[in-house]
Amino acid sequence: MAAELVEAMNMVKSFRVSDLQTLLASMGRSKSGLKQDLVGRALRLVQTEYSPELLKNVRQLYESRFPKTSGWLAARRPEGVSVAYSSLNSSPTATSQGADYLNGISKPIPTPAAEVKLVPLPFYQTLETLLPPTELIAQNNEKLQDSQCIFELTPNQADQIRNASDLRPGMRSIQVVLRICYTDSIGVQEDQYPPNIAVKVNQSYCHVPGYYPSNKPGVEPRRPCRPVNITPWLHLSTVTNRVTVAWGNFGKRYSVAVYLVRVFTAADLFSQLKLCSVESAERCRERIQDKLRFDPESEIATTGLRVSLICPLVKMRLGVPCRVLTCAHLQCFDAVFFLQMNEKKPTWTCPVCDKPAPFELLTIDGLLSEILKQTSEDIEEIEYLTDGSWQPISDDKERDRERERSDTPEYPVVDICIPEANGHSPAHSSTSLTGKSGSSSVGMAGVAGGAAVAPGGGAVVDLTLDSSSEEEGGGAGGDSEDTEDSADSPAPKRGRYNYDKDLVTAY
């Protein structure tokens, strides 16, 4: 009893946060807090409420964390495929001791690992499973681990690879690929590389996809986790092939698998899409009518839906309109460009609403395909109506230009530089100096002597003359026309250029 209690407490001390939370939740305890709080809570639980059920839960969690196996890839192979596994143990003394120990306690007998399922990939068709998903096992506490497996190809498999056609130079249509994912039996797992990954096949390092550069500031580059093609480095015979994986052991669990696959191109997937997934024009009209059907409970009635004929991916006119069956919008994107982009950088995301867009749910819009054939290149948008029909929408700028041409009246052109054309002399060429109609040009010519009559009838005044030139120019001549009454009245105030300050009018 005491030995089992000590063993259970030592197991709990080696648990990770996720293991501690699972244990506490299974026993109805709170799983919130830091790791040290969780460890203390779990140890108190073991000491105060020790029971066979609690010991069983602790053992299961411990065995899932530290399984005991002779090789890192001890798994079944298909019948007829001979294979041998070997494990790298960086601690030579571990095997000589006859048992593996952790915290002074021998490891329990491991249970079979749960089955891990990898997500199917549209560009890869699995022909045979050479190695089912099996967990990578750390051999020691080092951060960098090396693990390897040994397998052989059957003559039939070697012939398939050797006789396969070339998709492009150096890439065959039949390949052997290595896939890595998280070790999780819940749902299907996407490809995920461990840190510091390196793959060596028969003593030669093979290419692992690098990181995509990020154009956004503050965003780290992302590595595309794709199947690793190990075909060029394999022995296409009955000679044994050895694969070594170097990976970083930072607390997460990973599984590895090897498959014989057929590789497809974007053109191949496009041919499958045209053959198997085209929505008829009648079905598309029914979908439009369902969206535009009047809802008495809605306060807003929709009379039309606009759809652009420009692909949101490449900003060009749609060639083959495509959309996802699970998306609520009617906007389409170009199927060819979408498949080509996912062949280079697989994201499988709808470019319109950013929701998942797996290849199995893609469909070609038959109605929009007909509309593209019936409309000219300058039509970039259409509108669906409630009865399932449609109408083109011309460009707003072109429509505004047509409205301006049709609504603008024709007015006569007036030359504002011609005097008296609009009732006033031009401001830049003539000035009324005295405020008396009909006498400005005559009076000013006798006073200043520096004014001239413009060809249009306005007075041009020379403002470069000073008061001395005015006095020398015969200022008395300007008083010859005054009457006798003007002698009794005070003389008007004159400016520097001999004009009445109170009678200047500017236009």
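The backbone N, Cα and C atoms fix where each Cβ goes, and this holds for glycine too.
Automated prediction, rather than curation, is the source of TrEMBL annotations.
What TrEMBL says about this one:
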DOMAIN    12-46  domain 'SAP'
DOMAIN    296-381  domain 'SP-RING-type'
REGION    386-442  region 'Disordered'
COMPBIAS  429-442  compositional bias 'Low complexity'
REGION    455-507  region 'Disordered'
COMPBIAS  455-467  compositional bias 'Low complexity'
COMPBIAS  468-487  compositional bias 'Acidic residues'
### Task
Please spell out the DSSP helix, strand and coil residue counts for the domain 'SP-RING-type' (296-381).
22 helix, 20 strand, 44 coil
### Query
Taking the domain 'SP-RING-type' (296-381) alone, what is its mean pLDDT?
90
### Summary
DSSP composition of the domain 'SAP' (12-46), residue counts helix/strand/coil, works out to 24 helix, 0 strand, 11 coil
